[in-house]
Every structure is written in C-alpha cells, then in structure tokens.
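Taken from Swiss-Prot as is:
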- ASN88: N-linked glycosylation site (CARBOHYD)
- ASN166: N-linked glycosylation site (CARBOHYD)
- ASN244: N-linked glycosylation site (CARBOHYD)
- ASN365: N-linked glycosylation site (CARBOHYD)
- ASN620: N-linked glycosylation site (CARBOHYD)
- ASN677: N-linked glycosylation site (CARBOHYD)
- ASN792: N-linked glycosylation site (CARBOHYD)
- ASN848: N-linked glycosylation site (CARBOHYD)
- ASN983: N-linked glycosylation site (CARBOHYD)
- ASN1024: N-linked glycosylation site (CARBOHYD)
- ASN1060: N-linked glycosylation site (CARBOHYD)
- ASN1126: N-linked glycosylation site (CARBOHYD)
- 1131-1147: compositional bias 'Low complexity' (COMPBIAS)
- 1163-1183: transmembrane segment (TRANSMEM)
- 1184-1220: topological domain 'Cytoplasmic' (TOPO_DOM)
Amino acid sequence: MFVHRLWTLAFPFLVEISKASQLENIKSLLDIEDNVLPNLNISQNNSNAVQILGGVDALSFYEYTGQQNFTKEIGPETSSHGLVYYSNNTYIQLEDASDDTRIDKITPFGVDSFILSGSGTINNISVGNQILYNLSTLSMTPIFNQSLGAVQAVLADNSSIYFGGNFSYNNGSMTGYSALIWDSISNTTQLLPFGGFGENSSVNSIVKLNNDNILFAGQFYTLDDPSALISSSNNGTNSTSSLNATTLELGQRIPLRYASWDSQGSTTFASDSLVCPNTNEDAWLYPDTSGSLVCNLPYEVSPTKIRLYNSQRSDSEISVFQILTDPSSSIMNLTYLDPLSGELKNCGEFCPLYSRATLLSASQNVSSSMDMITFIDNNKTDVKWTSDFQDFAFVNELPVSSLKFVALNSYGGSVGLSGLELYQDTFSTYANDSLNEYGCSALTNDSSSSTLSSNDWYNGLTGESYIAAKYVPDQNEPIPRVKFYPNIIHPGHYTINMYTPGCLQDNTCSARGIVNVTMWNQQNNTIMKTYLIYQNNDNLKYDQIYSGYLDFSPEIVLEYVSGIYTTNTATVVVADQVNVITVSLDAFNTLSDSSNAKKETLLNGILQYQKSNFTSTRLNETKVGNTTLNLFPVKNYPKNSSLYADIYDNKLVIGGVSNRISIVDLNDDFEVTSSKNQTIQGDVHGITKTNQGLLIFGDILSSNNQSAVFLFNGSFENVFNQSRTVNSALNISLANNDFIVLDNDYVVNASSNALIRNSSSFSLSLWAAGNNGDGDVLFSGAVSHMQYGNLNGSVRFLNENEIEPLNLEGGIVPYLGAYLNESATAYAYEVDSLNKIYFSNEVYPSWNWSSGITQMLYADNQTLLAVSAGSSTTAELSIFDLRNLTMIANETLGSNARINALVNFEKNCSMLVGGDFQMTEPNCTGLCLYNYESKTWSTFLNNTIFGEITQLSFTNSSELIISGLFETKEYQSIRLGSFNLTNSTMIPLLSGSEGKLNSFTVTEDSIVAWNDTSLFIYRNQEWNITSLPGNASSISSVSAIYTDIESNTLNKRGINNVNNGSILLLNGNFNISQYGYLQSLLFDFQKWTPYFISETTNTSNYNPIIFINRDVSTEFNSQSPLANVNITVTSPQSTSSQPPSSSASSESKSKSKKKKIGRGFVVLIGLALALGTVSVLGIAGVILAYVFKDPEGDYKPIKPRIDENEMLDTVPPEKLMKFV
C-alpha cells in the first residue's frame, strides 16, 4: 500500500518543483510563513528512540501557516466549492464559495492567470461572466458583462480566448450562438467572423491545430452566417441535381380553402381555382387597369412570402401591385429575385410583376436553375421565379388576419390573376383537420393531417384554430386523443413545437388538465420523445417537443392524462396545432445543375476554422471549405451528432455516438490521410487531456457491461470499470502523484489505475482544475493531504521531519512501550478486547489483561517487568520474571483504584506503587509498598505521604521526586516534591490548591512539570508558569529532546549540562487559531513551534503518545535499600538561622550564591540529575533550593506573551518570580 510521503509512487514526468512561479508571491500576499523546525538531533543512529504509539494512521509535519486547513478528512460538512492553490507540496485556500457556486472549468492563461467558468458567485462576482483570476495580485475580473450560461470549452490562443458551449451573445448587430472571442489586450468581446453555430447548437471542444487553424467540435450543422459555407466551383462539367431548384419549397403553403374573399366589382372570381392555380385559365379578372382583391383568413398566420401567377391573357396582365395587411393596416415591404438582372431587390408601394412572355424569355436565357432561386433569412425562405410565377418575400414577418392585393397598373386594359398562394416558413398541422386541407386534389399527398378520438370535440373561440373536449373519467367515454401527422417531404433538420391555447380567453383555467405528448417513429414504431404538458397556461404557449434530424413523417399523439385540480370532475382538453420549423435541408447538398453552381459546405459537429480565410481580400475566397476534416464526420457519423475532439501526437481523436471512437491521422496541412475506428459500446460524453494521454469517458460499457473510461496514448487502455455513466473526468497532479477524478466521486491513480478511496491520509473533492505548466495548480474543491499515510498505528522518527511505520510483526498496534535493552522493547497492545505484551525480539508471552495497561517498569538487574493495568473501576499489578516468562506476583487493588506510577527497590524486592486509590489493610492512600517476594503490602513511611500520586522518579538511588496532589504532616497541597530516602525528609517544590500536576520531566538544567493546560518550569533559580497557546488545548505528555549533536543523548541524559541544550516535545491536543488543531508542539523555553498534526486509526481505543525508547532504568529503579519504611516523614532543617524576610533578600542571596556555585548546582536537584553519582551532592542541591524558598512553597505565575496569535519569544527576567 501507499505509505511513505502518502505514496511511494513517483512518476518521471512529475518533477518536484523547487520554487513555483507564484508560490512565494502568494505567500507574501497572504502573510503565510514557513515553519522552520529546530534541529532535534533525531536520527537512525540513536536506535530510532523517538516513536509514536497508540494508533496513529496519518501524520504531517507542520511546514507553513494554513497547512491545517488541508489535514482533516473531507466530510459532508466540508466546503468544497472555493478555490485552492497548490505548488511544491503547499496548499493555500485562495477563495471560499457557497455550495450553490459551481466552477466547471479552470483554464490557464499566461504566466500568472487562470480563467474560471461555471455558475454562482465568488466574492459577489458572477462565475457565469467568466472570471480572470490573477495570481500575481490575487485579483478577480469579470470578462463579460453578461453570464454566458453553459461554457464547455475554453481555448487560450495567445491574447485571444475562445469560449464554446451552449449560449448566445448579441454584439448589437448580430446574435451569435455557442462561440465567442475575448481579446485580452483590448479587453473587447467579438463574435467569430461567421457569428456562431446557429440556434440549438453547442460547442463541446476547441482545439488549436496551429497558429492559423482552430478546430471546433460539438453539435451543429450550420453557421450563424451561412454564406460562409457557400463556395463557387467552376470545374467545366455539368452535374445533375438530385432535386431541382424549381421544385424545392422551404416553406409550407397556407391552406386557403376556408378563407373568405371580397372580390367586389370583379367580372370573374373562382376561389378554388385561385388557390389551386391552373396555368391555362384566370381565376380573378377585374375590368379596369387597377383593382383589388381581399382575402380574410380563417385564422391568424405569419406568412413569409406570396406567390403570384399573372393573368393568362396579355391584355389583363398586371404590371405593378402592392400588398396591404391587417391588423397592421400597412403596405408590406417585399423582397424578390429580379428575373432580368438576377439581383435580389426590394419594393413596397410599387412592386413589379412581369408578364408571362418576359418570364418565359428570362427562363430560357439562364445558365442554371440556380439562377432562378435565392435563399434569405438564414436559408429559411426561398425566393424564386419561373415562367409561370414570381415569389415576393415579406421583409417583416407579421401576424396577418386579412390580406389585400391591389393591382395598380396593367400591361393592357384590365387586371387579373390565375393564382395566388401564401407560404409560411413553418409546417402547421392542426387538430381540426379541415384546416389542413388545401382544397386542391393535386396537393392531397403533400398535406398534413390529423385524426381525433370519438369524443365530443367542439371548436374553440371564433377566429381561433383550436378545438376542445370535456372529459369525465370512468364514464365509459374514450380517452381524448389527437394524432398529428405532419408531412415531412424533404430530409433535414427540424424543430417541432406543440401549441396550447390560453385558458383566460375561454375561461377554462380551473378545468384544464395534463396531457401527454409522444412523438413516434412510424418506420420502426418506436418512441422518439415524450412529454407531460400542463394546459392551464393563461395565454397561448408552445412547448418544443423535438429538435433534430428527420427523413420521415412522424406521428405525434396528444392524449389526456389527468386533471390538475381535484375539485373538478370534468376536464377540458384542448388541441391546437403542431408546428414544424425547417432548420436545414439535405437538398442543399445537391442543389447544382451547372458548372457554375454554388455549393454549400456541409457540417456535422466539426469545423476547421482557418483564420486567414476570413482576413483575405481576394474575391470569391472560400471561407469554410469542404476540407477533408470538415467532411469526415459528415461521411462517418449520423447527422446532428454531438462530437468531442482533441489532439494526441498529431492524431485527432473524435468521439460521439454510433459506438465508435475515430483516430484520424493528419498531415501538415491538416488533411485526413487515414483513419481507423475503435469500436465501443455506447456514447462518448467527453475527452480530457491528461499527462498520460487523452481520457475518453461517457456512457461506455466494457466487455463485462460495466461503465468504462479509456485512456488513449497511441493505444487504448481501460482505466476504470464501475456500474455507472461517467459525465466528468479531470486530471490533477498533487504530491508527486497524478490523479484522475471521475464525477467528483472516484479518484484513480493514473499510473497504477488503482482506485483511491478517501481516508485520513488523503481525500479529494474536485470540480475543476487547471495547471499552467510552471508549477501553479489552481482547483475548485477540497483536499486533505497528510505527508505520511497508512502508518499502521505506530511510527519511528528517522530525523526531526521524517518518519516511517514501526511495522511490528503481525500488524500489532502498540499503545505503550518500555525499553528493555538495545535489542528488545516491550510493547502493550490490544487484540480481541484483550490487552497483551509483545517483545520486539518476536516473543509473544501468553499474559493478557481485560483492562488497558497503564504502566510498564523494567528492572534490568533482575530481568523483572512490572505491569499495571486498569479501568475506571479497578487496577491490577503484575510482576514477571523475563528469564523464563513466569509470573512472580499478581495483585488487584480495590474498586475505583488507578495505578499511575511505579518505582522499584531492588534490594528490598519491593515496588512502590503510586496512584489514586485507598487501601485499608495496610492503610495506604495513593502510595503503598508491595513486596513481590513475600507478596505483601505495607505502608510507605507510615502513610505519612498520602493523596493522589501521578508520577514517581529517582534522581539518584536515594532521591525520589513525586508529583500529583498530596500531603505530609507538615505540608498540604503538595503538587511536586523531592523526598530523600536516606533521612526521610520531604522538600515541597510546588504547592498550591490549583489542582494536581500530571507528571514531570527533568532536563540538564530544568525541571518541567505540567497539568492539562500549563507548564511549570524551574530554571535559572526560579519557577514560572507557561500556559499553552490557544484555547481548549491540553497536554498528554512532555518529553525532553536533547539537542547536543556531539553525543547520542537520546539514549541517556547528557553529562555536560553547560553545553547541552534541550527542547520540550509536547504531545496532546492543541487548538491554536493561527495553526489550527495540532497534536504536537515544541518549546525551547522561549518560543513555541508547531510540530505535527496526526490522525488516529478508526480501530484504536487509545490516543497517540510519544515514546522515547531509551534506557530509563535508573529513573525507576533504586539500588539503595530501604532502611526503615515505617518512620515518619520530616521536613529538612534550614541551614539559615532566620527565614528569608522578603523576595528582595532572597534574590540577593541567590545572586551571591550564584557567584560561588556553578549553574548546574543551582538548578533544583540538578547536580544529582546531571551527574547521577554522589547522593550527598544531590541532597545539597535540594537543601540549597529549599533554603531559598517560601515556607508554603507557593509560586506566582507570570503572564507570558502568548495568545492565539503569537508564540512566546522570551520571558523578561524582571517578570519572573523567584523560587524563594
């Protein structure tokens, strides 16, 4: 598994950066400081003496302020939508964001900036406006003045930034769809030269091919400026069109069978002939050179053009006319293709209508039928002429209820028409099938139709086209149903809308219901789309039910589902019309029947945009050509495909639908030279570029029918298998590892393809990420990263900032240790609710305890191991002979007892037991003597030392230091005392009613005691109290680390107490606002330094502790025999005839003494601790300290310069209270 520095994996392409381009700058801007650790002289040479036991699973040494924000495992409460910066193993939180903010894409730009795309806000700036985030200044600037919506692709091309997605942007003169350019130098926004990719399009990928060519991939088939797709060819050969221009109709003829006409004054009028033109006879004649004809439509329409057939008689042919409409009551502006000049012209009050002879002559002189037709309004309307008629397109598409045709002049003496037709650019199919009828037998096969269920349908309001039926369920009535059959004549792309009349006008809002609309493919009887539509809309509305390619006529079924309001028994179901809008037709692909035909470049989700084509000044320059790259998806993918693309090693990878991924080889001119397909099962939803290659993901199934994610780096490799579709894949490099994050749910190691699960050592939430290649990584999400993970419960230090797992045999997780000798250590551990001991020389004794082991003491001369165990209700003492692993003694103390400390008197075969207990036989309170040879208990000094004992330690064989909260006959509330075993005298070192001390340690020149929240330090002849920094901090243990680099001081106390220094290593839980939650601090008696943060294993019942694996036998074993354990403790006799009168006099005496005595002698019992040889000198040190102390042993704490925001730098000498 992954252990050292999170993982031992290292990839050759991931080189650790010594200094990121923006890291130091960001640190400076945010006042982030590096945490420099002192030299602790910890190395493997001192037998790995410093260890952490107790279930540690992950650990990070504190290296910089703010690191704590990235060490807690990610959970549901973690904020993961802000911005995080990473470089050189440093994480920095740059911005926070609420959960409704979503950054979907981060794109590097320049050497110091990134572009953020998404939704929501950061610092009140809309992410949808696209944000330029500058690392040099940590500033954010919105790029656009409006939200773009869904941005799916961003490409930085020098100073131009291309945005692609599903959005629209209006530059004041034109609306562009799905693409936009921002110029970073001029800070201006512009559409592409061709606008965009048309309505209902989307851009999924933008790929830079070279400085002149950019590839767009997505779902589109046209451009906002379709003229860019038109090119002229003159190859000297004729080709035959599959569809002649004269037969192509983009719009639908509006049925006029039920229109009413006003032909007052006419000599001839036949409406049936007028709307169904017969080129051999006139349908309307008026006996003057001017006249009018009015058509009142059965319902309101928005016509796009009118087609006029001039009179068959030369004397009645109209030469000039105009069109007026209601309700606008205005003359309509018209556009027509002039048969004589071939130009597109406009007219209004006076529009020319050519004679049949003129049209016939013009038609005989054209070189191609394409000269008789043109397309306007983005190819939605065709305007043409033939020898029989002329088309006039309405410049303004307005609603029309009545149309008046006015003949203003004639080529002869009267005016007349043989035909009049209206067209609209939509195909309407009405529920009232009579409105679908043209009334012309020749057009029967071209008309749309509908059928109704056998309910009582009735017409809606007068002048409206809808019908309605009242329906009461469970009354043996058929379910109201309407089937629409829109007639699709030409294959192409269409949009279909279902119209629903409003309920306010007919006052049926409270009775309206819910209908289901289903679109069927009649060729294979499959459902294409289905929707629920609520019909209680106040006004006329439409719902889009389809947009895409059709080469057949579908069936659309509207059917009652339920009422909306439970109070109504009857539901009014309404049905109006299905509206089909032509987007583009395949017929455009083949419209050519001459050598000079204009050809349209076909698109299907891929566009090769060559910038120079749009800047060239040459006439007839092709803007978008039929390049092999543009034509590749046209020939190889279904129409209207949604495609994704990217480049790897000069190979273009294309994915989308149709169960394949295409690998396209390109030459230097980006021409397709070859291609091959990788067969897959499913559709591609995206392609992401990673350090290893291209990641291809989507609804792709592997051979075992699980979702697959492929990596392409010249060949295909499956990197993920799960039972779900993958909609997002991101790549990020952190901590010398490369990760792939799928749907912000799965994290995959990119080298091994191993799935990484969130843990205490590493967890990641990732919405978007960007890397500028200079070592700056910016991502939206959250991360928890501990330097060392999977530590298996215990570690040893290799140096002051490097560790490795202890890895004891059998996966043992120890929580307590005891040094035996240079080759063996005893460890306490728990397994199956039993507590046991393991020896590191792989010896497993059979002993076990039901309660946790609290103390272990080893006597080397006797090879004896004393073990105390206990719970909240009982305590147990066990003593073993390690020569044969036999138990010497086993004792259980009474209820509510706890053993805290043990020291051994070898000569007496007795163990002095300290703790929190009460014994009656013998009478012991907190301190009792146990003879493990006779297996008997006895009082220690007639129980004249009593209370709660927390720690016992010899300074030499006859000096015993005791901590806790205890009393003697002379002193009360002793918290720390020194007891002389030779003369049975007690010297209180610290007294007071503030509570017990938990323990103490002794350095070369200091005594350090502590309770939960403070250190009590005797140094330089004075005591002071140093409170822990921060709030709610607590100490578990304090260890002295000796920093003398000349001696192996971890194995034994230093001898030269002048040159040797020491640093206190605190273990516990420390909450400091500047550093967060820590588990270890360092204190050099002047300032605090954060040391490490750790996490425990889920299975451990113990808190991690620091274990110094060194020989401490002299601290807990005495070679001096106890002369008389039943004498009474006394106080020492003062060497001064008078007690000190004041602090001032005490200070004066101290200074005079200091001139005569070396520093090591002045420290309380320091000589005995440093030399450990002559007990008399130890006694002298204690007495010396006692002479200059207050009778009550009180102390006054200083107020250290420590708060939550700073560490203690130094303690002013004038503020220190003398130990006098």
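Even glycines carry a Cβ here, placed using N, Cα and C.
A separation of roughly 47 Å, to the nearest angstrom, links the Cα atoms of ASN365 (N-linked glycosylation site) and ASN166 (N-linked glycosylation site). The glycosylation sites recorded for this entry are ASN88, ASN677, ASN792, ASN848, ASN1024, and the Cα of ASN677 lies nearest to that of ASN166 (N-linked glycosylation site). The 10 Å shell around the Cβ of ASN677 (N-linked glycosylation site) contains 14 further Cβ atoms across the protein chains shown.
The glycosylation sites considered are ASN88, ASN1024; of these, ASN88 has the fewest other C-beta atoms within 10 angstroms of its C-beta. Secondary structure at ASN677 (N-linked glycosylation site), taken from DSSP and collapsed to helix, strand or coil, is strand. Put simply, ASN792 (N-linked glycosylation site) is 48 Å from ASN677 (N-linked glycosylation site) when counted between their Cα atoms. The Cβ of ASN365 has fewer other Cβ atoms within 10 Å than any other of the glycosylation sites ASN365, ASN848.
For the pair formed by ASN88 (N-linked glycosylation site) and ASN792 (N-linked glycosylation site), distance between Cα atoms is given as 27 Å, rounded to the nearest Å. Cα separation, ASN1024 (N-linked glycosylation site) to ASN792 (N-linked glycosylation site), rounded: 39 Å. Close to ASN792 (N-linked glycosylation site) in the fold, though at least 6 residues off in sequence, lie ASP57, PRO805, LEU806, ASN807, GLY811, VAL813, THR1097, each with a CB less than 8 Å from its CB. Regional average pLDDT for the topological domain 'Cytoplasmic' (1184-1220) in the model is 34. Cβ neighbours within 10 Å of ASN983 (N-linked glycosylation site), excluding its own Cβ and spanning all shown chains: 13. The separation of ASN983 (N-linked glycosylation site) from ASN848 (N-linked glycosylation site), Cα to Cα, is 40 Å. In this structure, ASN365 (N-linked glycosylation site) is part of a helix by DSSP. In the structure as shown, the Cβ atom of ASN166 (N-linked glycosylation site) sits within 10 Å of 19 other Cβ atoms.
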